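Written out below as structure tokens is the structure these notes cover.
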Amino acid sequence: MSFNTFGHLFRVTTFGESHGVAIGCVVDGCPPLIPLTEADIQGDLDRRRPGQSRFTTQRQEADQVKILSGVMVHPETGVQVTTGTPIALLIENTDQRSKDYSDIQNKYRPGHADFTYEAKYGIRDYRGGGRSSARETATRVAAGAIARKVIAGMTVRGALVQIGPHKIDRDKWDWDEIGNNPFFCPDKDKAAFYADYLDGIRKSGSSIGAVVEIVAEGVPAGLGAPIYAKLDGDLAAALMSINAVKGVEIGDGFASAELTGEQNADEMRTGNHGPAFLSNHAGGILGGISTGQPVVARFAVKPTSSILTPRKTVDRTGHDTEILTKGRHDPCVGIRAVPVGEAMVACVLADHLLRHRGQVGG
């Protein structure tokens, strides 16, 4: 299997499977002399870690990260810093239950990558889905924590803005509420509703989709390049690469199709440090290049395909059958996708910042 690496100058390669011994990543291209410890990474991993509420998978993984290379204690300052060499990170798997998947060893789960992996490679890891499992995203979050160090001065935050058909009230958006509920929801009232709503989904053995919004502030104007290195193009590709993501939009996205030219244009006036925009329908990117406004992206996460409802499928021999999935699964995997989305946006911004410096200096 190839294509486990993304990025150009800030490059991330992930490895490992859901039920393997460990998962991990190698971050190449991180500049030297950036202070970095395992604690800097662990905080982000703890936000994504499973088993923290009844609304996520009950798989219990500590997700303790180990830095294997790429750092050393500076001989003069005594601070551990990056050396500019590849940074290898490892996270051990400790709570696999592969026996839960023995009944589906020869059956394809509808809506899952079971069939397509086997169609391509002639083999698939039925134990938790292997590389197609959301377990792989822990490594992205670890890499994203390093990327945040590279883009110091920029702030990347995410929020769950919709579960099923139920959207938050944007007039009640409060970033401080994100850490007060298990949904990363900025709307206090909607978070309470989501608790009751997801309890019903969870108890029925079903699952539901969600929409996540990522906002990056402090992004300077000028990141990205036409035509095939557009910032929004790379953001879309990075977010689409997250397991279970089926749609991405930047700024107003698909809603812009309903607007007139007068409504959609982000008008400008003279500001203290260049143009001051009167709106941000473009999501902080025009012509593939950042405008200096907040970069805004949203992505849709499909419902978890592993549910308790019997479904029609076929087996590996081509016969019709039914499948009933056991194991521990997220009733709404979109919840834990919030820190994953943040990480991917941070990695893309780090990559584009380094590319921008290489092209125009600064």
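Glycine is no exception: its Cβ is also placed from the backbone N, Cα and C atoms.
Bear in mind that the values here come from a model prediction, so they are computed numbers and not experimental data.
What Swiss-Prot says about this protein:
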| type | residues | note |
| --- | --- | --- |
| BINDING | R48, R54 | NADP(+) binding site |
| BINDING | R131, S132, S133, N243, A244, G287, K302, P303, T304, S305, S306, R328 | FMN binding site |
Binding-site residues compared (R48, R54, R131, K302) - highest count of Cβ atoms within 10 Å: R48
Local Cβ density at T304 (FMN binding site) - other Cβ atoms counted within 10 Å: 22
Assigned element (helix, strand, coil) containing R48 (NADP(+) binding site), judged by DSSP: helix
S133, S306 as binding-site residues, winner by CB count within 10 A: S306
Residue from R131, S133, A244, S306 whose C-alpha is spatially nearest that of R54 (NADP(+) binding site), among the binding-site residues: S306
By Cα-Cα distance, the member of binding-site residues R131, S133, K302, S306 nearest R48 (NADP(+) binding site): S133
A244 (FMN binding site): tally of other CB atoms within 10 A of its CB: 24
Local backbone state of R131 (FMN binding site), from DSSP in three classes: helix
